[in-house]
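Contents: one structure, followed by commentary.
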Ligand code: FAD
């Protein structure tokens, strides 16, 4: 009997367009394995919402594998050690995996290569990091030239179908998913997540098909939080239930401006990987030096900010658009992109709280929490990053709320204000607020404080 082949799964939980599965299936019987390795990622082990989603996603993959009379082997512990043990138990010939670029996965890939025949493939990004470079051969630091070079380099994709899988003679032992306790129990806070998300490739493709009906308006509608104008595919892409190439190819029949902009948004994912390949600790370290010490009102500098951070986290800042976003996040594990920018900017500029506090909160509460995308976007908003708005560009939450027509969105997530008119709801007068909190800080005052803190930090 041909020796079995291990497929090591991480954020690539699909059978279609999954090169590791296809190559393994061509070489022999396949043993798919997922190792829950919390220690590897240290401070970036999966947060609560991601753990909930991971559970659903692994279940969906188990169902897909069952159609092929195959199974998912679950192990917990150090990924390198567990894979070596599994290879020894099963006499596997090789381990096949898609490449991942988080620093802990790069270390694990390096360590595993020394011990087993590890075969790595591309496929979770449109182009692998490093595929496009500047004229002088350097990796891009700025999004727009990166995006343009990537667009020029992409020449369509051949999408791999689900491979036919054959089973090993005997299956190795597996943990049971329910024993991993990925789901919250006491309290069970996941009701809103269950309402919103169905994990797995089929659910993702269904969502994408519905999105194709409205993609022609995406260029404008994606900025309007009150309507479903974006694809909501981010957790599906993060966990690799679909590849970006699958979406790109399906989109290639569409010629509208909306479809064109959608493709360029997909390239933000690639760009974020390209950034963490150059700066692996980007999600924990400001790129622009000097900001880390001077700018933020941190507890260790004597400021009392815990209650302000809590008000932001709980959606009680008194700014309806910010609070609507933070409540949407808490309820459903997702927040509209425009509102993510407004809420993040509010934390960093209005409250002068270190962007890493926001990164941590998003990491714990987003179902699409992604080491690279989260870090890159937080530093972009905070003005500390490699490709940033300068710190001095301060988003005005009240006028953004009006400009992007957020009245319906606020009504949905801040029901205390639902009785107000479209005109009043963005910035309710004090006597119209009822139980809704007063503004935690005035906009003008916050703006002036941020600008003077910036000037001080720069000096
Ligand atoms: P669509 O508009 O339908 O876009 C399609 C896909 O393109 C998205 O699913 C996503 O994979 C990708 N994409 C779009 N915009 C971005 C972007 N700016 N950066 C990276 N990828 C993008 N996105 C994450 O996937 N994970 C995160 O942890 C994350 N954290 C963020 C933190 C902040 C402070 C901000 C401002 C943005 C963050 N984003 C993050 C980016 C963006 O908000 C989400 O990708 C988007 O809202 C997901 O919704 P969608 O699938 O409907 O997006």
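Including glycine, each Cβ sits where the backbone N, Cα and C put it.
Curation does not apply to TrEMBL; its annotations are automatic.
Site annotation (TrEMBL): FAD is bound by 230, 231, 232, 233, 234, 262, 368, 369, 370, and the candidate from 218, 271, 282 recorded at this site is 218. Filtering 233, 296, 378 by Cβ distance to ligand 1 (under 6 A) retains the following recorded positions: 233, 378. Cβ neighbour counts within 10 Å, taken over all protein chains shown, single out 369 as the most crowded of the binding-site residues 233, 369. For the domain 'Photolyase/cryptochrome alpha/beta' (3-126), DSSP puts the residue distribution at 57 helix, 25 strand, 42 coil. Taking a C-beta cut-off of under 8 Å and a sequence gap of six or more, residue 262 (FAD binding site) has these contacts in its own chain: 215, 218, 231, 251.
Cβ-based neighbour count (10 Å, all protein chains) for residue 218 (FAD binding site) stands at 22. Separating the Cα atoms of residue 369 (FAD binding site) and residue 296 (site 'Electron transfer via tryptophanyl radical') is a whole-number distance of 24 Å.
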